[in-house]
Each structure stands twice: as structure tokens, then as C-alpha cells.
Amino acid sequence: MSSSDTQHATRPSDSPIGATCRICRGEATSHQPLFHPCKCKGSIKYIHESCLLEWLASKNISTSTTSSVNCDICHYPIQFKTMYDDNMPDKLPWMLLFWSSILSVLNSVKVWFTISLACLFLVAGIPLAWNCIRNLYIILLDGQLPIPNQFFKSLIYGYYELNDNSGSNSISKTFFNQDTNLIDLTYFFSIGIYNWTQIVLVIILLIALYFQYDMVVREPVFAKMIYHKIGPQYTKEELFKIQLKERFPMMDDESLNHIARLMRERDNVQAEQDANNNNNHDNLEQEHHEEEFENGPQQHNHRNDIEDLDEPMVQDVRENHIPNEFDETDLEDHDYDHQDAELDGTSSSANDSWDGTEHNIANELLSDHEDDAHFEMEQRQMEIEINRENRNAQRQFDDLLDRHVLENQNQNQNNNGMPLVINADVPQPPRNRPVIPEFIPPPELAQPQPQRPAPQNDQINADQQVLPPIVVNLRLKFSNILTYYLIACLSISLFLFITFFIPSVIGLILIQFYLFVINMLKNSIEFLLQFSTSKNLIYSNKLFINFRKNLYPHISPIFFEINEFKNNLFSNKLFLRSLPVIVAYSTIIFMIYISSNFISKGFNRDNGMKNARKRLIFQILFGIQCTLKVFVLFFIELLGFPILAGLLLDLSLFTPLFVNSFSYKTLWGSQFLIYWKPLVGFIYWGLGTMYMHWFAKFIGMIRQYIIRPGVLFFIRSPEDPNIKILQDSLIHPLKIQISRLALSFFIYAIFILVGFGSFTIVLFPIVLNLKFFEITKLISSNFLEIWLLTTFAFSANQFIDSKESIKHFIRLYWNYIFEISSKKLRLSSFLLGKDFQTERGHIIYRNLFYKFLNQSSAELSNQNLFTDPKIPAEAKELFRINPNVHAYFVPDGQLIRVPSSDIVSRNYVQTMFVPVTKDDKLLKPLDLDRIKMKNEKNSGTFGYLEDQTTEFDGYSIVYSPPSFRSRYITLIVLIWFFAAVLTISSALLSQITSTIILFALYLPTKLIFGATQLTNLLKFLIDDSLNHISLALICTGGIILAQTCDGVYKRYKEIERQNEHVHNEHENENMENAINHNHNANINDNNRNENEIADTFNEPQHKRFNFFEFVNVSIEETKELFFNIIESGIFKWHLFLVFLILTHAIGISTNFFNLLQGTVFGLGYISKRFYTEFREPLFRNWLNFSIFSKQSMNTIIVLPLTLRAFQTSLTFAHLYRINRNMPTKRLIVKFWNYLYETTLTTTIETAIPIIFCWVNFVLFEFYTNNDQYDNIPQVLLFFWDSRLSQDSNNIPWTIFQHLTYISTILILLRYIFINIYAFISNWFGTAVQSVKDEIYAKGKALENFPDNENENDSQNENEIKVIPETTD
Amino acid sequence: MSRTAQKRLLKELQQLTRDPPPGIIAAPKTESDLFTWDCLVAGPPDTPYAGGLFNCQLQFPTDYPLSPPTLTFTPSILHPNVYPNGEVCISILHAPGSDPNMYELPEERWSPVQSVEKILLSVVSMLSEPNVESGANIDACILWRDHRDDFNKKVKRDVLKSLGF
């Protein structure tokens, strides 16, 4: 801002009359002028300086220390002007300026140095440390250097160089092929990448394991499992005694024992007494409760407060339960009742407070009894009764356990081992309670909460976990960075020491031990063998001879290998190197498993473990064990599964399609990646995940729209309430879970291999001998092409997926397929839930003639074919009697129970699929014992802990034909077949569509332009599309088809609606009909509705179809499509990428161009002219510095460029992120501006003038010295190539030659000087400003925001935000 | 400090009397004490509060435009964002910088730019659109979310009560 502006802005008269300060609402006075220091407008535009300062002071913001203060509302920095001392000289003393600038230079150098050092450490230092420390440990383990006699080298390189042939580290092959005499920057660079990958993977693994452990330990089931293993710490009596002791420290042991005995007896008596009047009590409670609920909210709250207050007491009351009495069902209730009864007589305040408890109890009782009623309703079903018992017992057990876990926590947290009961104020037996103790609720409890507060674990945790906050105060200071780096190195070395070195040592020892054992075994076997061969003493020597003959030769090499391993311990193979570690870890895991089992041996729910320390150890060991189990399962499911699926997909689909049907030497996926093979895993993972997602979508569609609910009960539905992944994987035995996973993967694999492979491997290439289905395009490793194709395919897929009509048609197709095939297979009842009488049996015919050749007439010959079914014998008899009837209907098959919902519980399924009669009587009673046994076997030891929701359990009765299984398999085959038909036909259709469009483009262009390159290209494309399927064409065709389809579908729907409207208006008398119709439409399920729509769509009854209208509509549609695409996020994303690439390309090429011009021609010319002894200018091999190898040189050049590109990308990404919702036009403008500012200016100032000069002078040269050159390119070549070389030294120089090089130098120098000047003046200005600020500044004063600057921007971006009314 | 507050309150009072927003009346309780105001808020139409007139009290701190006033319904009303003691819990009434949950954006909170009028308008909009995500009265939240009919019925009854029926 210029100085005149500033003066103008600070004039107080600037504010209009009536403007008020936004804080004090006062007007401008002569003392206190109003300012508008930010972008706010309207009534809050102005502010007094003092008010602002006051407000800032109240927020603890000081204007002197913070560089810029942002306005609360518009978030623009508030404009301050620094006030200077009056006696500040106009021109600052030079010395001062000099020293201060030197200081600031040093400062900034220091800052930059620090930052770059930090970056260096982060990018290269830490991986290097990791690398070196790892190698050091390896050296220590080996006792020898990988590269003999060169310690440091072997520290850095390790076994990489030796590794080249083994192939285990393919990264080494691509990067490390240098001669090792040079400092190799590339190596350090790649060390960075490689080791960072390692570090990141290790960190991810550790974090995953930790969180897994955390989740497992927090899982409620885990506590129950521990309870199951080691039981409670105290029996009821002990607990009670402890409580008593706590409460009455003066009591001696004898009286304690006495009271405890009394209590137990009382409990027993009470239990018997209260069993009778339980129901009565409940009813009363219930009424009371409802009444209470009707009252106003205040009372409601009040009650809640009380409840909160009493929660600890309730808790306490529960403590009194005997953990080992839970087979007595109503124990809990009695206890509570007892408490109530006892307290009736106490004071009123006590009454009040116990009221709350009563309600709690009432609620519980209520829910219990509701549950009971619910169960009673279903009691006639035996299998449910089993469930119910289980659940009752389970619930009680859970309750007991919750309490118990609570205790445990308390005890574990209490370091001095004193058992502490929750809220020690209250524990006391009801009988001895003289007065209600004054209980002051902690503040957290006082908050109103409507429901029963959660178990108080959280609170206890919160109380205990008040730790002093760890202050992470990382400062980027020079000395600090070194310290951080040292700390990082230390922690790395420590980490590697613990996780790699020690396990290796242990593993080595273990291997020795195992080898010893194996050797012993081997020796004994050999001894036995010798023994048996030498003396034919025992009968079984035949076995030994067989063994020796057949097996031993196979086994002995293994021994040999192992011995070899022992002797020549470390070769550089990755597997052998990691063997000791693996051995050690697996031994440790095994030990954990064994020891946890050993500790818990002899303990169970009834017989609790007493020792607190032992309990803790067991908990940790068991936790680790469970974590590993869950981790293995999750790993298989989330990583192993998709990767395998991807591999199979590659094998059966991509390799045959993309590569060549007959060469299976290399998979497509591995061809795709030359640089780093392990990346194949990522690709396979992505492919597999996509495939599984797609499969799940298909299943979901079928489940939702087509088949009867309950058919797919074995595939988990997303809305299944029984899914508790963690709990499931904890509870069920590992073996069963893995076998389940293996089974499902087996099915997946078969689907993939057979489903795809039978087409791609067998049908197309071999049976049909078609080359058509080979996609040749995707073999190339041209990254850009593959990227474009993939994004195109992806967006096409997204586009087609988003069309409602496409979904609708696909659903119709499948509906039809399912209906037809289930009809043919007589599975309608089972699959679709539609019971057809005609499917309940088969028709027998008189003879084969009627059966195969004359079916319809035979069926017609029997008037009541289906109404009068016969048994086969009867039918045969009738055939004999009645010669006119040739067919009879013979019912067969049976009715079975099947689950009626997809979310039935697992145990319930075991009782399904049993034959029943028509009125739902079991044909033979369920073998309940067997079912129970099977359930137990499936669920393992902890199975009873699982509470599956049984509310969706229910069955329906469907018809199942004989040979059900083969019919079902046939159905699956049919579905597969039709899926293939759908896929292939739609692909072909899309391809044909786009071919036709190409052809339609080709003919006119050919006619108009003749045979140009464009027509050739089109012709080539058409030829190609006739010979091969092509992904691009399929996608294009797919998009076009989908859009057309959608448009037509919408149009017809509209016409249909209009017609309906007209129809209804005209035929008012048929109102009844219409209502019926509507009614039907309402009742009918989705399928029917869609059928109707489809019918109307298919019937050409709407004759008013107008071709032009249709064309209009499609043009509109296309327009809309076009605009949609342009405004869509993906288009903007591509725009962003294009601009990004453009920026980089222009920037990099300009820089290269300038560098080349400057060094080759500029320096070359100067050296040639003025230093004649400088024979060899920096020409051609201008990059040949000898200290660095070529790769390093490349790194030197590439690294800054990469950094620059990185920085540009970040800025660009930021630009994109903040503007991504902008209309495309403005986005382009923004991008263009950025491009212009950053790179184009340089290009315009340097490259373009240079090119201009060159062209001009070359032309001049050519026209002036016409005789020496044949054509213009020759001149250019001469200038470019040989004018500055030594060969042309004796050719005389012309003026234009001089001019060419001089102009180049001048232009570059000008650019350099301008930049340097700008930099220096900028620097100088900053220096002056900083000196002024440091020495002469008095303070800051407000300044007005410039009114007219960036008017356009402020209109759109910075309107004053209306404060949203969000409440707290 | 207190003088600034008084001056500003007077200004706001003038503004309110000169140009009163619909459905809102607010004035200091007594002439001598400018720091306690009585307000009447009419229940917004098309809500269960429609037709009601709710009395509330604004208590200003001595450093008023710098810290927010507190607003209390007397008597309390049933609303998800009103505490059982009548205190209103909306973000505009929360001082900036004291947000333990990091739940509210800084621009939604109190700043001296706000005024009595804006507070009361926020209260009216709060009446029409409760925010159950950060409720003050959890009973009311649950009632409002799960049993809207009951909630409406109760509120209507309260409205009638507040009108003296």
C-alpha cells in the first residue's frame, strides 16, 4: 500500500454518520475514530481501537507479540500499522542496516539449515540408522563381515550386493548396479525408500497389534472368558467379610464369620419366602412406574437425580450376590425385594432415596418378565426352550460377571492389595444399617441422566487415570534436532535389539536345541533301522524296511540341509536369515499358550483363583493369546482373502484375456510391475476387494429384490444383529473359524476359477477358437495408457451404476431368470416363496412317446391333471383302464421347515430343514441331543457366552422336491450361465454400439476430407473393434447405451404417467377400478410393481411416439450429460491433473532449456571468445563431473526438480481443495493464473525471446550467407551443434552468429539480474522494515482495510457469515 | 468497564425500543439496574410452542460485551436445549475459548458483535429447531427424538399453563 493511501485510510472522517462501533455501539468521536480494519461490512463494519484492544486483551491476545490477528467473523487479518518514533531518521544509518541484515541473514540461514537438517534426518537419517543398526546386529550375529575387511561398507551395504542373484530383494537389482568406488547418492535415496517402507510396515503392524489387544481386552466377552477360565477372586462370603472389615475395622474375625454365616442362612430363607409374592409385587411396581412416567418433566428429572444418587448403593447391593449360585434363577430379584422390604421402616429421606432404587429394580423386573412372557409364547417349541434356559442362565451369569469384573478392576488398580469396594462410603449390610449414610454425589453423578447410568467402570477409570498431562513440546532448534535424532537412533537400536537381536539369539539357541533333538531322533531311527536289518527279530521290521526303502531317502536330505544350516549358519537368503526369529517368536507364542493354560489349570467358575498377581499375569497372557487369534483371523479375512481372490482372478480372467490364452508363464499382474514386484500384492488386494464388493452387491440385490428372505441365511446380511465380529472371533475356536473361512474361500475360488476360467480358458480359445476376446491393449506397460484406461473404465462403471433404469433392467432380468429356472426346477416355493400347485410333483406319461414328443396333447388329455393327483401305482392302473388319458400328476417331495429370515441365529438353523406334515407336525422328533451336541461342538468352550439375538428366529414351511441338492446345484449353474450371458452380451452390445458410432463418424469424414490421418485412425479403430474387444470401446458404448436407455425409460415413464392421468380423468365412473388398481399397486411387492412398469414399457400401446420429440429429448439428455460430466468432480480432478502436469512440464522444460542455453551456448561462447586456451568448453558432456557417478548426477539434478515439483503439487492441491466447488470456468481461470504466475512468466521472459532470437538470426544468417547453406535446418544445426566445437574453429564468424549467442547471453543475464535485483530490493526493504520495527517502533495502530481491493473476490468469498444457531 | 457495559446496554435498549423484532419484548427489570433484563418471547408459529409467551431473564456480566450474558427461562420450559433449571444452552451464549469438547465453531460462539436482539432471535429459532445432538435436558431430547407426539402434547400443556389456563 502506498503512503498516500495509508493517510487517506486513517482519516477518522472516513466513517459515515450514524456508524457505530461493533462492540460498544458508540459513535465516532474526535478522540476515538472508527476504523474498519477487516473485511466485515454492514452494521459490524466499524470498531473503536480501544474496544478492539479490550476485546483482544480479554482473549489474551497481545498485538505486540502476535504478528497478525484475525477477525473473529471474517477471518481476515486485522490491519495494523506500526507507529514509529518521532525522531526516526528518514535514512537509516548504513552500519545499522548492514549489521541487522547480516544478523537476519544468519538467522534465516540457521533456520533453513535447521529445517533442512531435520528433513534430511527424517528422510535419510532415520532409514540409514535403521539400516546400519540392522546390519550391525546381523554382523554381530554372524561374527563376520559381509564384505570382508571393510567394516563401514558392510555396515552400510550389508548383504545387498551379495544378494543380487538370490532375487529375494528385487529392489537391489534395479537400483544397485553401480560401481562402488563412487559415492552413490542413488543408493542412499533408495535406502530411504526401502527402509522407510520397512519402518512404516513395522509401525503399522505394531499399532494394529496394540489396538487389537486394546479392543480385545475391552470386549465384554473377554472378561467373561477370563471368568470362565479362572473364576472369581472371592466367594460371596469372603467378599462380604471384606466389606464388613472395611466398614467396621474394629470387628474381629470371629464376629465377622458369625455375621457372614447368619447372612447366608437369611438369604436362603428369604429366597423361599419371596418366591410366592413375587408376581404381585411386580404388578404393583409396574403401575407405579407408569404413573411416574406420566408426570411432568421436572419430576422426571428429579427422579433421575435420585437414581443417580443411588446408583452406587444399587451397585453395592449387587455385590452381595453369591457368584456360584447362579443356577437358582430368581436370585437377583429376591435380593432386591428383600432390600426394599427392609428399608420400608426407615426414615423418610431414606425412603425417598430407596424409591429410586426400587424403580431401577422395577425396571429390571419388568424387562425380565416381559422376556419371560415372550418366551412363554413360544414355549411349545422345544428348541426354543433350550435357548431360553441358556439365555436365562447366561444373563444371570453376565450380571454376576459384570459385577465381578468391576471388583477385579478395583483390586487391580489398588496397588497396596487392599480390596476396595466401589464407593467405600456405602458398603454395609442392610441389617446393620442404623442410618442412611450421608452420601454426597460426586459432581459427575449430579448430571441428569434419564436412563440407568452405565456401569461405573468409566467413572472409576476416570478417577484413577488423572495423570499429569505429558507435555509434548517439540521445538525445532538446532541442538534439539541432534538430540531428537540421537533419541530416534537409540530407540531404533533398542527396538531392533528387542525385536530382532534377542529373538535371533534365542532362536539360534532353540534351533540348536531342536537340531539336537532331531539328530537324536535321527540317530535312534538309524540305530533302529540297523538293528532291524541286522537282526530280523521283530515282526514289524517289514515296516522299518519299507520306511528305509521308501521314505528315508526323502527325509535324509532334509537332515542334511539342516546340518548344513547349522554349520554354515548364515547365508544371505532372506528365509534363512529370518528363520531364527520366526522360530523364536513361534516358540514364544507357544509358550504363552502353554503357560496361560498351565496357570488356569484347576480353576474354573466355581473355583476361583485367589492370587491377584497370578490373575493379572493370566489376564495379560490370555489377552495376548486372544489378540493373536483375532489378528490371524482378521489378517486372513481382510488381507489374505482379497489377495488370493485377486491372484485367482488374474489367473483365470486377466492373464488369459489380456496376455495370451496359451502362455501362462507370466501372470498379467507381474508383467504390469517391472520395478517392484511386491507391489503386485497391493494390486491383487485391490482387485480382490473390488471383486468381493461386486459379488456382495450382487448377493445383496438378489436378497433384497428377488428371493424369499431366509434362503441366503448362510451369507451374513449387513443388517444382521448377530454380527459382533470381535466377539465371534474371540469366542469360537480357531480351528472352526479357519475351516469356515477356508470353506468360503474355496467356494469363492471355485466361482472364480470355474466361473471365469471356463470361458476364458476353455470356451473362447479352445472350443470356439476365438481371438476376439483377447484384449491386447493392456499388456503394454505404458503407465499413462493404463492409467487413462483404468480411470475411464472406473468412471464408466460409476456412471452406469448410477443409472436407476439400468439397475431396474438388471433386476428385471434376474427376476425373470430366477422365476423361469426355479419353475423348471420346481424350486419356486423354496426360492421365491411362491407356492405353485403344479410344482408339487411330476407328471407321468403313458409312454416315452408322450413324454418326449407329445407332451402338450398328453397333458390336455387329462382334464383335471393337477386337481386330481395320483400315486404312481394308481396312475399305471388308470392308464390301463382309460386309454384316452395319457398323463397323470404324481405328487412327490416333502414340506420342510426353512428359516424365514436371513438373520436367524446360528443355533436355530440346526433345527431347520426337517420334513413336516401339512399342518406343521414334525415327521420324526428332532434329535435334540445331537443338535445340542453339534452346537456345542461348533461353539467351543466359550460358546455359552455368546448371546445371539433370537428375536428373528422363525421358520416358514416350503415345498422341497426330491433330489433337492442336485436341483440346487443345477440352479447355481444356471445362474452362472445367465450371468455370463448377461455380461458377454452387454459387452458385445456396447462394443457394437461404439463401432457403429465410429462407423457413422468415419463415413462422413471420409466423404468430406478424404483419406486423412483422422480417417485412417477411425478406420484402424473400426478394424480393431471388429477383431478384438476393447475396453475403451466397451466403456464408451456402455455409457452411450446407459444414457439412451435411461432417457428412453424416463420418457416412457412420463408418458405413462400422463396417460394414467388422462385415463383417470376420463373414466370417472371407473373410479372403483382405479382405486382397486392403486390398492393393488400398494399391496404388491416391489417385483410386481416393477413387472407392471416393465409391461407398460414393453407394450407399444402409446402410439403418440414422435420421432422428432425423441431426437429432441435425446439431444437434451446428451446436453445434460455433457454438463454433468463437466461439472462433475471427476472432470475437475482431471482438469487439476492436466494443469498440474502442464505446470510441471512447462516449468521443467523451461528450466532445462535455460540451463542448456546458459551453460552450453552462453558459457561456451564466452569461453571460446575470450579464453582461447580454454579448448574444451563445457560442451556435450556438460554434466560429466567426475566425483559422482552418473546415477548420482541424475539424482543431483532430479532431486531439486522433484522437490520443486512436490512443492508445486502441494500448492496446486491446496488450490484445488479450496476451490473444488467452484464452477469449472472459474476453476480453469484460477489454475491458469497459478500456472501463469509460477512458470509461464519465466518461460515468456527467457525461453520464448531466446527462441525468437534464434529463429530470427538463423533466418538472417541464411539469407545473408546464402551460398554456404543449403537450407534453414542446416543453419540451425550448425549453430546448435558445431559452431562452438573445436572442429569449426577455422570457420570465420559472422555477425549473426555472434548476435545469436550474445542475445542468448543477454536475455539470460537480464533475467538473472532482474531476479537478483528483485530479490535484493525485496531483501533490503525487509531489512529496513525490520530495523525500523526493532528499533524505532512505538506500538501498533489500527488501519482501515482497503475498500476497493479485490472487490470481486470479496463479493463471493467473504460475506459476513450469519452466525449459525447451533446449541450446545 | 462497567461504564462501557452500561453505555452499550442503553444503546441496545434504545435500538430494541426503536426497532423491536417481532415476537420479542425485552427491557431492564428496574431502571436502576441495567444488568438484569426481563424478556418475553413468543413461541414461534408452527411449533408446539406456538401461542405461548415465555418469560426469561437475561443476566449481564459487568464486562458485558466481552463476556456473554446468561439467559434463563422463568419458569423453565421443556426443551432439549434448556436445562431443567431454565438456563438456556446455545452456542451464542458461550464464551469463546472455553470449549472442552471442541464441538462448536469459534464463529458460532459469543463475540461482542452479538447483541440482545440476536440472542433472543437465536432463542426463537432454538424453539423452532431444537438441537438434540448437544442437548441440555436429555429427557427432553429423548422425548423429542423418539416420542415426538408426547413431547408436543406436554409442551402444549405447558404453554397453556404459562398462559394461565
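Just so you know, glycine gets a Cβ as well, placed from its N, Cα and C.
Just so you know, TrEMBL annotations never went through curation; they're auto-generated.
Record features (TrEMBL):
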type	residues	note
COMPBIAS	A:439-453	compositional bias 'Pro residues'
DOMAIN	A:13-81	domain 'RING-CH-type'
REGION	A:273-304	region 'Disordered'
REGION	A:432-458	region 'Disordered'
REGION	A:1346-1368	region 'Disordered'
TRANSMEM	A:120-140	transmembrane segment
TRANSMEM	A:187-211	transmembrane segment
TRANSMEM	A:484-517	transmembrane segment
TRANSMEM	A:574-595	transmembrane segment
TRANSMEM	A:642-662	transmembrane segment
TRANSMEM	A:674-694	transmembrane segment
TRANSMEM	A:745-770	transmembrane segment
TRANSMEM	A:968-989	transmembrane segment
TRANSMEM	A:1133-1153	transmembrane segment
TRANSMEM	A:1192-1213	transmembrane segment
TRANSMEM	A:1234-1257	transmembrane segment
TRANSMEM	A:1299-1320	transmembrane segment
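Stretch with the largest number of CB pairs closer than 8 A to the transmembrane segment (A:968-989), among A:484-517, A:574-595, A:745-770, A:1133-1153: A:745-770. Residues 641, 644-645, 648-649, 651-653, 656-657, 661-662, 691-692, 695, 976, 979-980, 984 of the same chain lie 6+ residues outside the transmembrane segment (A:745-770) yet bring a C-beta within less than 8 angstroms of a C-beta in it. Residues 791, 1201, 1204-1205, 1208-1209, 1212-1213, 1216, 1224, 1227-1228, 1231-1232, 1234-1235, 1238-1240, 1242-1243, 1246-1247, 1250 of the same chain lie 6 or more positions beyond the ends of the transmembrane segment (A:1133-1153) yet place their CB under 8 Å from a CB of it. If you average pLDDT over the domain 'RING-CH-type' (A:13-81) in this model, you get 76. Mapped onto DSSP helix, strand and coil, the domain 'RING-CH-type' (A:13-81) counts 15 helix, 10 strand, 44 coil.
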